[in-house]
Amino acid sequence: MRQFNISVIGLSGTEKDRGQVGVGKSCLCNRFMRPMADDYFIDHISVLSQSDFSGRIVNNDHFLYWGDVRKTTEEGVEYQFNIIEQTEFMDDSTFQAFKVGKMDPYSKRCTATKVFSAEKLMYICKNQLGIEKEYEQKVMPDGRLSIDGFVVVFDVSPVPNRSVEKQVEFVQNVIATILKNKKPLVLVTTKNDDAYELYVREAEKISQRKDYKSTVQLIETSAHESINIDLAFLLLAQMIDKVKNRVKIISYQESAKSRKELLDTRSEAVTRLIRNQITDYHVLWSQGSKMLSQYREWNEFLNIFGHEAGQKLFRRHMKKLRDDHLNKKLHQYLDKFALALEYLLPDIGALNISDDDAWECARNYLQNHIEFEQYFFECPQASWTELVDMDEAEDEARIPFDVLETSEAETVFRNYLNSVQQDKKKIGWKQQFKMLLEESGFVTPGKQLSEVRVLFMGRECFEALSEHDCQQIYDIHQDDIIEKSKQNFVELLLEHAQYFLQFKNVDNITQEDVRQITDVIQEDSRYKMLDRLDQERRLMLVQHLRFIHCPIRDHCPFFYNCVDSLIEEVLSDKSASNHKTPSGGGWKSSGSGSDRTLNLLIVGSEHLASDLLNDIRICTGSKGEYIYENQTYYLNYRIANGDMEAFKAIDVYSSGLICVYSNQQSFETLKDNLERTLLCNLELEDKFENLPIVLVYQPQDLKENEVEYLRNEGMRLSEMLHCDFIDHTQNHQKYVYDILNIVILSLKLTEMKSYEPYPSNHTDLRILCCIFCGDQYDIENIVQPLVEESTLVKANEHSIIVDVFIGDAKRRVEFILSSYHGTSQYRDELIHGYIYFYSTKRRSSLANLSILAAQNANIPLQIIAVTESGGVNAFFNSDICQFLITEGNAVADRFKGSFMTFSADQYVKFAFYNPFLKTAWDNKYEVENLHVEESITLDSGEGTLENSVNQMPRPPPRHESYMLSNTLGTDGSGSENYEMAPTRSLNSLNEERDISLDEIYDDNEKPKHLHQKWLEDKSDGRRNMNKNLIWNNFSGSTHAYTTGRRHIDSNLNKIRPKGPSQTLKVGEAPSRNCPAMSSSTFTLPTQQPGKLNMKNFQLVSDAVAKMNFTGSGSGSGSGSGSGSTGLGLGLGSGSGCMGDSFLEPVDKDGKRYDHAQLDGEDEDSEELAEYEQIYENEDCTESDSCASSTERRVRQQNAYYKASKKPVAAKKQKKKKVAIPVQTPRVPPFGSYVSPPEIPLHYQRMAVGGSGPEKPEPCVPEFMKSDKSPEYSMVPELAGAGIFGAENLPEYNMNQAKCLKDFEKLEKRRIKEETARQRKLQEKEKEQEKKLKRKLKQNAKGLVESAEAQFGKLMITSEQGEIPIFLNKCVEFIEKEGLDSEGIYRVPGSRAHVDMLFQRFEEDTNTEIDALDIPVNAVATALKDFFSKRLPPLFSKDIIKELEEIAGSRGVGNSKLNVEVKTDRSCRLIALKSLLQKLPPINFAILKYIFQHFVHVSDNSKLNSMDSKNLAICWWPTLIPIDFTDMGHFEQLRPYLEDIVQTMIDQFPYLFCGKDAFVMV
């Protein structure tokens, strides 16, 4: 390593010689020797004291030794430098140069090539003088140095008292001397950061002098900026070393730019480092620097800028942190202040101020407000900025009042003031625009805004509002006028009640009927008003026809305001305060009279409960008062913020449980606690029974898919818990009111259900009070005189019993309150008098009254006209009122009844009804005798068919169909998730083609009141409890309740003829003898009003357009098969049990075929024997409902069922009828083909004549007695016109021999083809089995290891043979632990548990599930996953296609099966058994094992609510995997595949074990 001794020289001397400051020699040396910022000193002096001059550092010399340093070039060459600075020191006393020996001038002395100074120390800074020992001490080597080169300094900055000429002269003399001594040198200009351009050019001239011969290189430097310092010394070293490739000389501008970029980079890196690492403005410099010292960026910054710059940057960052914190806190206060303004100062007009002093007055107003301390606090000792640093202020949620002194707070107030004023203007404009729309006659229903926009141009209210606001107001107005127009149209239809009466008992409404109705009403303005909404108008007409045909509450156009519903509410409220009415459950609102207390428990994590409580308090005020339907409720709260232990100690007197969640974590916690609390202890006494629960979702700032997922999960949980679900985002403005309304309504419904019906067996009079739906008067005024009686006792939801004096004796009178349309259910009951109320403002009210009065003309009648307030004035002031009162009086005279008027605001007492009660009592015996005479004709004996098929039976009791709660039943009906599913089975696939009116709606779609969007498919929380009604399709015949449904017996005193049951008791041996029938001829049943599945149509117009307006009748209903025009909306009663009617063959001309009885039976075919064994049965006994197979099996095994049934009290007993095993016709959905109900001729059991006790004979047609072939069971039936009628099948004549011969040929050919096909399949299966055996022999490890290698350890067979061990253990565990678990297979288990279970079995097949502590629902889910994901499909694609054909889901044209098999249930059952026998043995064994498990589960359906229907719904997608192309295909196949699985469960002994089949119709 080369070592160089460099001497730095420049102009020196007194101020007269060098000017006020030096040329920068010391700074240049300092930066070169110690470049770090903390080691660089800018204050170097040449005026010293005598002591400093004589010290070891100066050592009485006029030069300084700066020490030695090592530098490396870019090429990696390393040099060592010893630096000498030649200067001239002045005496501080004389300001003259110190005299040291012989003194040469500085210009000559500085160019000396050798310097001597013994024991001279290294110079660092001026502070070192006098205290040398406190600094590093380094002695000049050997006390002498030979100078190798010179750095000549030229100052280019302007300095006072120094001329450039003097400096140029000095530099030129020095350079000349150095060149004479033949020493290398470089000319260095210093202070270029403050350079003067003239001086720079002078320096350049010096270096470019020709006599220097380019030996003088010019380097531009700046010691303060550390630019080109090393470059000057390295270049001099290379010149001394005579290196050819020297460093490149870079100009000052380029070096300065590079230096600036470096500094900026280091500064940004350190700034970013400090911002990331230092986030608390309380951190001290000592702590922060220690924390940052471990980072390279920080150390590099300190080297360049120094610690002082680092500390300055740190403190600047701390100040920014504090300012940010203050701004953040201020914004929080301002946000709270904005909310406080909305609450404390809702009306700016209350201030009565001008804009100038508004802010000052507002502050004074807030400071004097009564709730000031709730939102603000004052702290005179310190300002709010100082409070921020205090820990005590962190928990303070109120606003420091001195925040209002800031300009930002005033800005918030000004913005609030402007927004309030703008909102007032906007509200005014909206109101003006709404009034403009109401006053404009050209805005009609259905007209778009674009059509009338030009008419509003120039109006201020229209121009001021935005496009969105105008459209929103216009839409609201359209909704209002459309709703009003629909009400008027309904009113128009009701006014023509007399005309619509002719359609009441019509089975099929034709297109001509619709045209005639339209001709009658089309001239009315109320009809024309809906010209633009023709589809809705047409649908409303259809709905009205449906209501006329089946007048039940669900079809009432005033659904929510139906009188039947209002009466229930009124009687419930009135009876609640009566001491004779039993109290309800434990979850009640406390208090009595007009005030009640609601005790609410609010549960949620992460302060959600507290936030919800604050919202409730804001809505209910400080006193916690809430008014609902004129009833005041006082709210008490109890919250549990994440404390789910509150469930264990919950107060049984609470009124409702409100559960709130916002994210995945809070939902999982809430769901876990709810399930453990409400679902896991069902076998114990449930203290949460009837507890209203509301699930509230308040989403956080989540992604849209996460919000949608949590919303769906919440809705699924609410369905499982049978509670209500509220999404805060969808109705954030009034969701609190929705919560409180749901809790109160639930309590009311619970109280209504808790009232014990009062027996009404011994009443002296029964009076039916009829009120028309939609009348605009308060029903309470009518009911009040009755309920205020001290002897009042509530009999049921619609009747009360009052003890009253009639004449001289006290009589017990039952008042039945009903709507006009609800009177049909009391048609056959004994009623002693009718009281009809009608409104004097509605023509429709009187029109319907006239019809009802005509139907009961022989019974005492009281007509009461309800007028507006004003009494007599109402009669004279209103023409319509005068007309209707006069007409009502005339109706009363015509039917010999009494007439009275009743003012809506009139208070009357019970004596108001006394005159009519006296009249009813006087005519009691005549009415009862008349009732007995009429009742005798209803039924004449067993098995007769005298009742007309067009006679509509009465609906079931109101308390059954109207007040059934939407909860789990005890008869295995399953949860509400499955109650509304289609309940088809194999025996119900034969359906009539005509579509009845009830098909217009799904089971879960109900017509709503016109005010509540009657025509829209929307749900309403108020009626959630009544949405699943058992009797929602009741019309013309007794219902057949399919699998999974239940029927509750009536306990009212009613005379209702019961239709025969079509079910056989489980376990009875089917008989081959047929019961004798009273008649040899039968008629087709009428069809029940069905419902249109609106999900099959995207628009209402599609629904109306596809109503199947056909030109030919279907043969159903009247049984005539004539070609009359049919609308496709069958109004008959064919759905449900057949009742007293039976199918009969009808030929083309409408003639009936009579068949003689046959005897004998055929044993030639095993298939025929199975067919007959399934189809034939013993005499059927009458039952209350056509229940499911599971229900019948449970009833037969449970003796308590019969013992616990309450006898139905009836005024007139009827004989039991003999059940006829007829398939239950069902209404198919649009677009699917279903064949009509047919029964083979030889199974139609006909009596020879009479109804006497004759010996029953086998039911085989006479012309088939001698036939011994097995094919005679396949003779087709001709059932009138239709697909299988004379138009589509060969005409069936009475030439039996020819017909039978042709049929036998076809059947023999089919049997041969079937036999050959089966033989080929068997041969193919045998060949496959042989191949499989050969493969197994080749494998030394056997079948078990092969299965394990292919499918994993889960497929290892168990001890039971071919059953996988995983399947075996799961089934054993579920049957051991989960048969009593409610919703098994329906309630999913945890995915973590499922994955753990599979993992454990993969590791060890001998794993015991009991030891894993896994819930039974998780095991059930794992079992389903095993079938769907781990186990190969049990059914091949060909087998699945045959399953579809057997189920009847394919049309006849696409099916390989014949018509008989497609249309007959027993044939399909035999075909299903044959199909299962085609399965491979392993598949059949697994299928048999799992279905045997399903039988065990369904046998415990009373405990787990999973009967065969619900199991089929849960399992069919798993067992029968089909790739659906679209939803239409899925909806078409779903009911049939469900029935396949349900039948395999119900018929398990027959299909899998070879036993006799259960007969279910």
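Each Cβ is built from the backbone N, Cα and C atoms, and glycine gets one as well.
Checking SER975, SER1165, SER1188 against Swiss-Prot, you find phosphoserine recorded for SER975.
As annotated in Swiss-Prot, phosphoserine applies, among SER407, SER985, SER1133, to SER985. Matching 991-1011, 1033-1053, 1054-1074 against Swiss-Prot, the residues noted as region 'Disordered' span 1054-1074.
Between SER583, SER592, SER973, SER1112, Swiss-Prot assigns phosphoserine to SER973; no such entry appears for the others, which is not proof they lack it. Among SER419, SER988, SER1019, SER1266, the residue that Swiss-Prot annotates as phosphoserine is SER988.
Counting residue by residue with DSSP, the domain 'FF 2' (365-419) contains 34 helix, 4 strand, 17 coil. According to DSSP, ARG1386 (site 'Arginine finger') sits in a coil region rather than a helix or strand. According to DSSP, the secondary structure content of the domain 'FF 1' (252-320) in residues is 58 helix, 0 strand, 11 coil. If you take every residue in the domain 'FF 2' (365-419) and average the pLDDT, you get 82. Residue counts of the domain 'FF 4' (482-547) by helix, strand and coil are 53 helix, 2 strand, 11 coil (DSSP-based). Across the domain 'FF 3' (426-480), DSSP assigns 41 helix, 0 strand, 14 coil.
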